[in-house]
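Colleague: I have a structure here, written as structure tokens, and I will follow up with some questions on it.
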Amino acid sequence: MAALASAAVAFSISAASAAIELHNTITGEPLSLDDAPPEGKDVPAFKEFIETGRNPYLNEPNCLAKGQQLYLGACSGCHGHVAEGKIGPGLNDDYWTYPDNNTDKGMFETVFGGASGQMGPMYQVVNVDEILMVMAWVRHMYKDKVEDAAWLDDAQKAKFQPYDGKDAPKPDPANTPAECKIE
Ligand code: HEC
């Protein structure tokens with residue numbers, strides 16, 4: 001228990017303004033961001049996530065290409081090219097082994113801290129900001145009913161288009177911001 005308590009303290013010091021607390025998907029133990037390399041922690045999108053528990057990249061189509069590239073490098077070997085499932089379960093439907101994965105916070109916890117078996121912690125492979133970009137691409141590939149997409153608010157649900165199987169669009173200067181960057 002002492003180790004658990006000190007991990008929780010370390011977390012609250014390293015992210016003093018954090019409004020969410022992260023826990024391991026399987027054990028429920030606190031996750032410490034201090035375990036991860038520093039890259040990505042100062043990026044505005046990650047700071048917003050750690051305050052709100054919501055993934056700002058869901059609203060940034062110009063970041064999808066980066067998310068896809070990261071997904072193909074770090075996840076598709078186990079979860080399939082379009083998240084249809086392979087060694088690991090499908091991530092493109094409404095069934096979750098761990099139901100919290102239907103929220104941004106829950107999926108971040110699984111990717112950061114791992115689950116069981118082959119699903120190890122991914123924070124050495126993708127930094128904390130990149131995890132959010134990968135998650136936005138995974139959500140983009142969702143093929144089931146929009147009502148069950150708990151990670152979308154009503155406005156996002158109204159705009160949601162089921163995945164068309166295509167690669168991510170190239171960043172489009174007509175969309176703001178014109179590159180994958182959140183201020
Ligand atoms: C070496 C293979 C492997 C890699 C690489 C991998 N996963 Fe997994 N993943 C798995 C396995 C196996 C499970 C099932 C674990 C379990 O049930 O506890 C899983 C489970 C998951 C779950 C929970 C699904 C559910 O139904 O609740 C999510 C979300 C997930 N992975 C996302 C990712 C993402 C995103 C990446 C890339 C950053 C990734 N995984 C990389 C093998 C992998």
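In case you wondered, yes, glycine gets a Cβ from its N, Cα and C as well.
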Colleague: Would you please say which range out of 92-114, 161-183 has the annotation region 'Disordered' in TrEMBL?
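Modeller: Result: 161-183 is the stretch TrEMBL calls region 'Disordered'.
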Colleague: For the binding-site residues listed here, CYS75, CYS78, which shows the highest count of neighbouring CB atoms within 10 A?
Modeller: CYS75
Colleague: Restricting to the domain 'Cytochrome c' (62-142), report the mean pLDDT as a whole number.
Modeller: 97
Colleague: Which ones in the same chain are close to HIS79 (heme c binding site), with CB under 8 Å and 6+ residues apart in sequence?
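Modeller: The list for HIS79 (heme c binding site) reads GLY85, LYS86, ILE87, GLY88, PRO89, GLY90, LEU91, given in order along the sequence.
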Colleague: If H, G and I count as helix, E and B as strand, and all else as coil, what does DSSP give for CYS75 (heme c binding site)?
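Modeller: It is coil.
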